[in-house]
Amino acid sequence: MQTIYINIKELLQVREISVEKVSGKEMSILPKIDNAFLIVKDDRIEGFGTMENCPSLENFNVIDVEGKVILPTWVDSHTHIVYAGNRIQEFVDRINGLSYEEIANRGGGILNSAKRLNETSEEDLYEQSKKRLEEVILQGTGAIEIKSGYGLTVEGELKMLRVIKRLKENYAIPIKATFLGAHAFPTQYKENHSAYIDLIINEMLPKIAEEKLADYIDAFLETGYFSVEETERIMEAGKKYGLTAKIHVNQFTAIDGIKACVHHGARSVDHLEIVTDEDIEVLKNSETIPVALPSCSYFISIPYTPALKMISAGLPLALATDYNPGTTPSGNMNFVVATACIKMKMTPEEAINAATINAAFAMDVSNEVGSITKGKKANFIITKPIHSYYQIPYEFGSNLIEKVVINGKYI
Ligand code: NIG
Ligand code: FE
């Protein structure tokens, strides 16, 4: 039997024909229907409209959601939720005055997580990671990308990617896996970068490809991490195995990395806390989408991505959490949307577009999720009774979600 949700106060991001993404020019428009109905058949959206045109209810399982808002589940296109342990001590060290860079230089940071991960069994890692995944689904995330990058050894990277594969098999939401062997140089390669890149290209990549463990390839293109040239080697090697790039770039410094990413056909460039006019020019007329990670800026006190500058230049923008133990120990997309509004001055419409349809483009799932469109997966959020969707960013610390529906079923 089909289910019909009736008396929906606002049905958001509703599109007769879905788009892949919305450009900066259109991001201020969030298509919606007030006083709406929504029909779900099995795991798919079957139809919608205004209550005036609501079909007779006899043949439906009827759910009255009066006073509540329905919107597509969030899409989180950038996470590192597979990790071992935590970095709580570094958090306290930062409060006491150390910077992210100083902590990393003392052997903390990514290398700290890599040490723990290599000491953790695959089973234990799966158990730790699945709790995070379950938590973020309850917070409204209905599609997610997950990176490796805390192994930094052949075995460690494979272990992470196998955990992601198990998550894909056991959870009902779309999950994409990204290989991030180029996250940091292990200590023994500090003076011999090319040897570590050889390891990535000649040892890790062939095994990952053989087991079909990755959808994308990533690198941390940053001063003190992977240079433009080193990242280009990684992107080229990935391409040979059919892996499109999604790159961490411009988090702390602008070193012309975005140009290289665009040139290599990257799906997305992520972080972009520091952006030059030239970077914006390069992104125009490209198919590469910028992804901002405001919870990271919030947590480690670095600048926010200049969203308005990019949006007013016509660029599409996506939002993601960056959930990881070092710079963003939170996977809450509601907070990301609120922070984008509060700190980056995005309007609620822009932020919701960025966290749904544009985020879906960033991980290539916009044919399945990201909008309320006939034929797409019935993955959506039902809020508690609220005044309007503006309340979602306004009450930034509250949980306004009453139910999360994945594949037509309550979680
Ligand atoms: O996206 N910037 C690089 N990678 C992560 C942080 C990694 C860590 O500190 O563990 C990020 O912020
Ligand atoms: Fe990240």
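Heads up, the Cβ atoms here are built off N, Cα and C, so glycines get one too.
Between the candidates Y150, Y171, Y189, TrEMBL assigns the N-formimidoyl-L-glutamate site shared with N324, G326 to Y150.
Annotated Zn(2+)-binding residues in TrEMBL are H78, H80, H248, and among D322, D364 the one listed with them is D322. Site annotation (TrEMBL): 4-imidazolone-5-propanoate is bound by R87, Y150, Q251, T327, and the candidate from H183, H263, H264 recorded at this site is H183. Apart from Y150, N324, G326, the residues listed for N-formimidoyl-L-glutamate, the same chain places the Cβ atoms of H80, Y83, R87, I110, S113, G149, P325, T327 within 8 Å of the centroid of those Cβ atoms.
Proximity to R87 (4-imidazolone-5-propanoate binding site), defined by a C-alpha to C-alpha distance within 10 angstroms, is shown by the following binding-site residues from H78, H80, H248, D322, G326: G326. In three-state terms derived from DSSP, H248 (Zn(2+) binding site) belongs to an extended strand segment. Q251 are the binding-site residues among H78, R87, Y150, Q251 whose C-beta comes within less than 6 Å of an atom of ligand 1, given in sequence order.
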